[in-house]
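For reference, the structure is listed below as structure tokens.
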Amino acid sequence: MASGGLSVASLWTEVNRCGQNGDYTRALKALTKILHENRDDVTALHCKIVCLVQNGSFKEALNVMNTHSKVLSSEVVFEKAYCEYRLNRVESALKTIEAASEQTDKLKELYGQVLYRLERYDDCKSVYTDLIRNSQDEYEEERKTNLAAVVAAMSQWEKGPMEDLGLPESTYELCYNAACSLIGQGQLTEAFNKLRQAEELCRVSLADDSDVTEEDIESELAVIHSQMAYVMQLQGRTDEALQLYNQVIKLKPSDVGLLAVTANNIITINKDQNVFDSKKKVKLTNAEGVEYKLAKKQLQAIELNKALLAMYTNQADQCRKLSSSLQSQNPGHPRPVLIQVAQLCREKQHSKAIELLQQFSDQHPESASGIKLTMAQLYLVQGHVTKACDVLRSIEEFKHKSGMVSALVTMYSHEEDIDSAIDVFKQAIGHYQSETPGSAAHLALVREAADFKLKYGRKKEAISDLEQLWKQNPKDIHTLAQLISAYSLVDTDKAKSLSKHLPSADTMSFNVDVDELENSHGATYVRKKAAKVTGENLPKEQGQGEIKKKKKKKKGKLPKNYDPKATPDPERWLPMRERSYYRGKKKGKKKEQIGKGTQGATAGASAELDASKTASSPPTSPRPGFASGSSAAASSNVVPPRQQKPAASGATRKKAPQKKKKGGKGGW
């Protein structure tokens, strides 16, 4: 027993020495020997679990804890929750932490990280705020970094107002998270400047470390550069953004989440062009572990873009499979349905597309507005204008908007359904009359309704609208004139009484400079200025009529050989062959072609000197390689026309912003 005790003591000395040196593999060997002597030694089991965690053997550590759960009980709650967290069993880790009898600081740190992964940002913010307030140690800066990341996530994904917590921006991680918060608020210029500041801080902080190479610095800057490219993309600077994205891809960073987001954003820039490059980039979004690195909305955006890319590359089955999977995961989200509809439209199946939209609209009325707009568009494509109008009028959210009223009136006018157009005006005016009477939108609708009725000869119906407008502004002469014109058909006495409110001719005269008006830029006709009066050219006395100058007619041109004494040929208007004296061309001897041969030679002389015409001259042989009497044809390569693929209606691509960088211990 004594020798055994000395052996165990020496083994513990070995464990202590290996633990201080960080040699956890040798420590495990010593602990295995100790546990061989005492299988239920709590200290040895705890040390073994710590060594396994330090070596990254989380599954083995969890097995040890589950095997000896009765002995260990609450001794290893943190280690168990941490192993579950690192194995991406986030829900199990949450239950383990909440079931703990005592909430230590390190357990609260882990609790905050678990809540962040579960996207429970409000609870996570409360945990970190409490930790910063009630603890003072060397990890305060990392806690502030994590809190800044939580605020950035709330700004980006929940679109909440940005709360100023007084966090410093002394490190590049804090500065980066502050930039992400600004992006969520739409302050792109300020965010870009903040990212520049984070880049400078990163270079300065890493330059002091002699062990860090330039490649390590560029790898650490990759997430900042990718976020800068995202800001450029939002600002419309797509060429610069694409160049910066490709630089990040070439670095091949180890963060699979960063690679996936960068590749996805390149795909959004390519759209339906350069699909081969997009197909290469989409492979980066399928890397192992991506789903644990990104937020749910980022993953959803990537899957949507995969479905769109499948549609643009004519992979109809793949597109339907991906969109159906997205719809099952998010039943109330309209985008997967819109992608399916776009694919059906590419296949010319508009009726099925409308049925699918109608079905989704009935099942999810809260998301029906955008779906019904797409339905109306498809009806218009098919030429069913009235059906499109019925669908648009069923959208309660946009029913009385000025843009919707304008669209409905235009379509009804195209169909010559004036009564329905007037009914649209009537309902919209009634809505504004009850909600915001006398507002600018209300009076504008009344004015448009009155003008529309007058345009189509409905003067009697326009009287009430015109009276309402005139009461609002009695000085409006134009409205008063329209009202008098309308009453003249219905009640002449009323028209006469209203005409008394018209201003007199003297008050309606305006001091207008005619010359200035005629010389203005928009004048279509300019009257010529009168010539200056001289002594010789005095104005005529009153009573004398002005003699209009007659334009001289130009004489027609006569032929060169015109003889005025000769009688013109009465058949000169007929073609030469149809004239009575035409006898056809004479077939005589050909005239000698002088000057057509060699210089100084005549046709006769050249014929005598031509040796090929003599009987003793042999026949010429054809050129070698060609058949005599044949001609060589040149072959040409025909370039096929490039196909242009139409864009999908109602489906757009989304850009996935970067994940917020978080610091801290425990696997962040």
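Glycine residues also receive a Cβ, built from the backbone N, Cα and C atoms like all the rest.
Annotations in TrEMBL come from automatic prediction, not curation.
Positions annotated as repeat 'TPR' by TrEMBL: 222-255. According to TrEMBL, the feature domain 'Signal recognition particle SRP72 subunit RNA-binding' maps to 527-584. The region 'Disordered' feature in TrEMBL is assigned to 529-668. TrEMBL lists 548-558, 652-668 with the feature compositional bias 'Basic residues'. For 560-581, the entry in TrEMBL reads compositional bias 'Basic and acidic residues'. The compositional bias 'Low complexity' feature in TrEMBL is assigned to 612-636.
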Contact set, same chain, for the repeat 'TPR' (222-255): CB under 8 Å, 6 or more residues outside the stretch: 172, 176, 179-180, 183, 188, 191-192, 195-196, 198-199, 202, 261-263, 265-266, 268-269, 281, 284, 293, 655, 657-658, 661
For the repeat 'TPR' (222-255), the mean pLDDT of the predicted model: 94
Helix, strand and coil totals (DSSP H, G, I; E, B; other) for the repeat 'TPR' (222-255): 27 helix, 0 strand, 7 coil
